[in-house]
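Taken straight from TrEMBL:
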- 61-171: domain 'PurM-like N-terminal' (DOMAIN)
- ASP63, THR78, ASP108: Mg(2+) 4 binding site (BINDING)
- ASP63, ASP108, ASP249: Mg(2+) 3 binding site (BINDING)
- ASP80, ASP108: Mg(2+) 2 binding site (BINDING)
- ASP80, ASP155: Mg(2+) 1 binding site (BINDING)
- HIS87, ASP300, TYR350: substrate binding site (BINDING)
- GLY154, ASP155, ARG179, SER251: ATP binding site (BINDING)
- 184-341: domain 'PurM-like C-terminal' (DOMAIN)
- ASP252: Mg(2+) 5 binding site (BINDING)
Amino acid sequence: MLGSPCSARLRPAVRRVIEMQPSMARLYKKAERLMSLAEFALIDRIRARTLERDDILLGIGDDAALLQPRANEQLVVTADTLNSGVHFPVETPAFDIGWKTLAVNLSDLAAMGARPAWCTLALSLPEASEDWIEAFADGFFALADQHDIALIGGDTTRGPLSLSVTAMGQVGRGQALRRDRAQAGDDIWVSGTLGDAAGALRLWQQGALSIATATLLADYESLRLRLLRPTPRVTLGLRLRAFAHAAVDVSDGLLADLGHIATRSNVAAHVDADSLPISHALRELLGRDAARDCALRGGDDYELCFTAAADQRDALHYLAESLDVPLTRIGRIAEGQGVHVDGEAADGGYQHFA
């Protein structure tokens, strides 16, 4: 729990060698003391920012939290880890890291149709920089406050930059959206636009905009914002409980995540590539073919992909207007297996251990 800071300590044999040299011993003890003080300050800083909720009986400061879920509701739990250099570039601003650390978990709750409630946060930090921690907390709690989710505990340790969140939400008994309920004849829908985050990362890694025009730079910044500060579709997920048969959040790429629905529901998913919602900025920066590839395989979109009966089309168009969230019909569910694009079997998407 956030309440017992973990100080990095040298192995006993190494420490004995240091203690034989008084000057080195004094330096070691001073560094250890400063480390502990920094971690206590981190815990106090985070505790001061967290939201209060009536269903938290005991939060940060004890060995574990005590929670009181609502009657007749089921608990939805998800966890994600973000590592520097894998899930975000090493030069990513701390505010954006804080935002995204929570956003990816909220997206999972959205895909289940759950209302966010509580979360834990585990931090591995190379150093306890006050400015970095302040900016990280600003990003994390900016999003947490939007969705009324409270931090109830976690852990801190010293090491390479890594962040893990476990998020918990609640949903009415039997109302959760799942991957295994798609039916032959369903339409396939996605929210927002696809491929923007993957396109931004590709351009970032290539350094391709060093001589770009102001217009292209503006397009790139819009894509970069999608990469660093994704918008979890929490409200949409709550509303989709009345319409969707199956749902998944698009984190590893449309083909990979739609493939989860196809596999779990034992159906085939047929996608019309010309129907994919691709932003003007992505097309301008990458061109038609590369933009389409990002939309199909890129990942990091954190949009919702879901299936619904064909007779729900008018209701879903109205829902899109009422929430000001674009919803695009991109294909259909049929008997069979696998994911197909324009009639051809397809696979792809991000794989962590490929």
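Keep in mind that glycine also has a Cβ here, set from the backbone N, Cα and C atoms.
Automatic, uncurated: that is what TrEMBL annotation is.
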Using a Cβ-Cβ cut-off under 8 angstroms and a sequence gap of six or more, which residues of the chain neighbour ASP108 (Mg(2+) 4 binding site)? THR78, ASP80, ALA167, ASP249
List the binding-site residues among ASP63, GLY154, ASP155, ARG179 whose C-alpha is within 10 Å of the C-alpha of ASP300 (substrate binding site), in sequence order, or say none. none
Determine, using Cα-Cα distances only, which of these binding-site residues is closest to ASP63 (Mg(2+) 4 binding site): HIS87, ASP155, ARG179, SER251, ASP252. ASP155
Among GLY154, ASP155, ARG179, SER251, which the record lists as binding ATP, how far apart in Å are the two most distant Cα atoms? 32
Secondary structure content, the domain 'PurM-like N-terminal' (61-171) (per DSSP, counts of residues): 35 helix, 46 strand, 30 coil
For the C-alpha pair, I'd like the distance in angstrom between GLY154 (ATP binding site) and HIS87 (substrate binding site), rounded off. 20
Overall pLDDT for the domain 'PurM-like N-terminal' (61-171), taken as the rounded mean: 94
